[in-house]
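Asker: Before I ask anything, here is the structure I am working with.
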Amino acid sequence: MGVKMTQDELKKMVGLAALPFIKPGMKIGLGTGSTVKHLVDGLGKRMREEGLQVTCVTTSSITTRQANELGIPLVGLDDVDHLDLTIDGADQVDENFNGIKGGGGSMLWEKIVNTASDQNIWIVDESKLTERIGSFGVPVEIVPYGASHVFRRLEQKGLKPTWRLAKDSDQLYRTDENNVIIDVHPGPIDDVNALDQELINMVGVVEHGLFIQRINDIIIGREQGPETIHVKD
Ligand SMILES: O=C(CO)[C@H](O)[C@H](O)COP(=O)(O)O
């Protein structure tokens, strides 16, 4: 029996498996996270070694930093009228390919870039798959002004909110838009559309990490190799 692959090896497998979807001349959205990091490394290599030319937009300052280090040329989202393809990771994905994103805190820009993109692909290792999403907390991005009032309303709704803190700190985490994040912990969600509406309609909420019917394809990293599933045209 072979040695079991680590989660990072599965992440690398799907990061690299997504590379052939990127064609010369495309306008590409680059997601955020440790899985996408492998994709961006691979893209940098293709650009250096094959002279591949694409135009890229990022979904976070973290990915911007990595792209800059690799010499991948970037433009702003407002510099393009649309994107051809966006490749991103996810924290949890259910049987209908709805997901939770924002473990890395970038779901606002990620959702904006996803919306601007003709095609969206998620790359995930198989541990992210679940029957119903929600055991991974749903990140909710809040305007800092009056955020404690939003926190109390989420508490009253029974959504078990917790403040997102900056790494190794007791300070609140700040997003690329300088907002704060409250993670809610609903447990496995019965009705994702109802929670989506409940959260987005709360005053003070900018965006949340529920991504419903937002992908065209998904590449799943499995021990036996990457599995690509076409979700919708
Ligand atoms: O939504 C995200 C960042 O906001 C990431 O895509 C998500 O957290 C998955 O990250 P990773 O690839 O590190 O597991």
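Cβ coordinates come from backbone N, Cα and C, glycine included.
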Asker: Going by the substrate site in TrEMBL, where THR32, GLY33, SER34, THR35, ASP88, GLY89, ALA90, ASP91, LYS101, GLY102, GLY103, GLY104 are listed, which of the candidates LYS4, LYS45, LYS128 is also part of it?
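Answerer: Substrate site check in TrEMBL: besides THR32, GLY33, SER34, THR35, ASP88, GLY89, ALA90, ASP91, LYS101, GLY102, GLY103, GLY104, the record includes LYS128 out of LYS4, LYS45, LYS128.
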Asker: Give the helix, strand or coil assignment DSSP yields for GLU110 (active site, proton acceptor).
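Answerer: It is helical.
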Asker: Would you say which of the binding-site residues LYS101, LYS128 has the most Cβ atoms within 10 Å of its own Cβ?
Answerer: LYS101
Asker: Whole-number answer please: how many Å between the C-alpha atoms of GLY103 (substrate binding site) and GLU110 (active site, proton acceptor)?
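Answerer: Cα-Cα, rounded: 12 Å.
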